[in-house]
Amino acid sequence: MAELIHSTIGRLLEQTADAYPDRDAVVYPDRNIRYTYAQFDSLCRQTAKGLMRMGIGKGDHVAIWASNISEWLAVQFATAKIGAVLVTVNTNYQAHELDYLLKQSDAAALIIMDSYRGTSYPDIVNSLIPELQEAKPGQLKSERYPFLKTLIYIGNKRLSGMYHWDDTEILAKTVTDAELEERMNSLDKDNVINMQYTSGTTGFPKGVMLTHFNVINNAANIAECMALTSQDRMCIPVPFFHCFGCVLGVLACVSVGAAMIPVQEFDPVTVLKTVEKEKCTVLHGVPTMFIAELHHPDFDAYDLSTLRTGIMAGSPCPSEVMKAVIERMGMKDITIAYGQTEASPVITQTRANDSFIRRVETTGRALPHTEVKIVEPGTCQEVQRGMQGELCTRGYHVMKGYYKDKDATRKAINHDGWLFTGDLAVMDEDGYCRITGRLKDMLIRGGENIYPREIEEFLYQHPAVLDVQVVGVPDAKFGEEAAAWIKLKDGKSVSPDELKAYCKGKIARHKIPRYVIFTDDYPMTASGKIQKYKLREKTIEMFNLSSSQ
């Protein structure tokens with residue numbers, strides 16, 4: 001077990017650049033971008049100096065609203081070098097969500113790209129901040145956002161009231177190496193360096209405050225569990241704005257000197273092409289991404305023989321999908337990670353050398369230097385091994401707290417430092433965990449507790465089912481009933497009654513879904529988490545069920 005790293009993100013990148021100056025750090029094959037670690041650290045230093053000259057101070061909150069572009073990576077490490085707090089913004093946000101985040105985060109700066117999937121970011125920003133039209137770059141005075149002074153635009157034109165990205169390079173020349181060093185030397189490993197907003201699968205997002213120490217060590221432990229080395233080349237199709245991208249992807253690579261090959265926007269063909277062209281050895285993804293890749297009609301046309309490992313995480317990982325990834329994609333050492341943003345994010349992970357069964361059927365065991373226990377929900381009383389309860393964790397990875405929300409922080413972390421995840425789990429005698437559901441997802445039908453994950457795993461075995469999500473909906477007689485939202489495999493068909501008949505005699509009668517709905521897509525957050533509360537709302541509306549029944 002490696003020792004904990006007592007450093008800052010900026011220093012970590014420097015150390016890696018010193019150790020592997022000529023190795024690939026960042027590669028965008030479609031944009032003809034290829035930085036070695038020495039070049040990448042130089043770019044991040046330049047960006048850091050530019051941000052300093054733009055007036056970004058230590059502790060200032062810098063929001064970035066962009067997809068997986070190279071500038072995002074430069075900002076991640078530049079803000080870390082100058083002690084600013086990186087606030088990540090979901091690429092799918094519209095005006096309402098951006099307004100909430102800018103207010104709640106007290107952002108001093110906002111960096112935007114031009115557009116994402118048809119949404120013009122400058123149009124949204126100008127609608128929220130009319131003062132930009134008369135403002136000088138770096139001198140915004142907004143009634144709505146009193147902290148916000150600086151906007152930076154990444155695009156091919158200049159916009160009123162905003163710096164252009166190229167200005168970071170120009171202004172960097174007016175800041176000396178000594179000034180940057182002085183700033184870096186003033187930083188502490190326990191400074192908050194990142195605010196990730198929870199994905200909003202249940203309500204208003206909360207700003208999770210993470211430190212250098214939190215994320216560096218989580219990333220290094222993740223890399224250790226995967227047996228990641230400087231020889232590896234990681235394809236990163238998961239979004240940078242989520243911990244999956246910027247910690248399990250970016251920081252894990254930097255911790256060992258591996259190459260990062262990001263995909264700007266997820267598309268299964270782009271991922272398959274990237275893996276083949278860049279001979280990637282590592283591929284990350286949420287289950288829906290792997291499903292899309294495996295079921296693409298041209299899947300067999302791509303050479304994926306270099307793939308060795310990766311992480312499947314972000315939502316429950318169906319065992320059938322894991323088996324297909326191992327057998328058809330050749331990812332023999334793939335691992336499953338489980339966690340949440342509040343834990344930097346990984347809590348448990350399978351190891352590359354774990355048995356096939358453990359890597360397919362569990363979410364692994366606690367990361368090094370962390371503790372995990374399963375407790376009776378609503379208490380701190382630990383349950384016996386093999387019994388279900390709420391998963392709690394303690395260690396270096398637990399967040400500093402929710403920004404401006406002490407009440408929510410107190411509810412999440414007790415006085416002994418245990419983080420209560422809200423996830424139901426079972427731990428075996430060897431410490432391996434299985435996530436069995438969310439406390440909030442559990443439904444009670446006629447006094448019987450039903451866990452959606454159990455029904456989902458069963459329905460995955462049906463030959464026509466590609467994906468399935470089960471939610472609880474109100475029922476006048478039983479209190480709640482199960483509703484299954486099904487995605488079918490191409491060319492396959494099955495009726496709701498046939499699916500119910502398939503369940504009879506194989507799972508308990510009270511677990512058989514009362515409602516079966518077929519769909520092509522699930523409502524998702526941009527980080528790939530399925531928004532079950534929206535499926536519940538849709539079911540209630542479709543079947544005219546009363547939410548108060």
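Each residue, glycine too, has its Cβ placed from N, Cα and C.
The secondary structure of ARG438 (ATP binding site), as reduced to three states from DSSP, is extended strand. Counting Cβ atoms from all protein chains shown, ARG438 (ATP binding site) has 19 others lying within 10 Å of its own Cβ. The ATP binding site annotation in Swiss-Prot covers THR198, SER199, GLY200, THR201, THR202, GLY203, PHE204, PRO205, LYS206, ASP423, ARG438, LYS529 and rests on similarity to another entry.
Look at the Cβ of each of the binding-site residues THR198, PHE204, LYS206 and count the other Cβ atoms within 10 Å; the largest number goes with LYS206.
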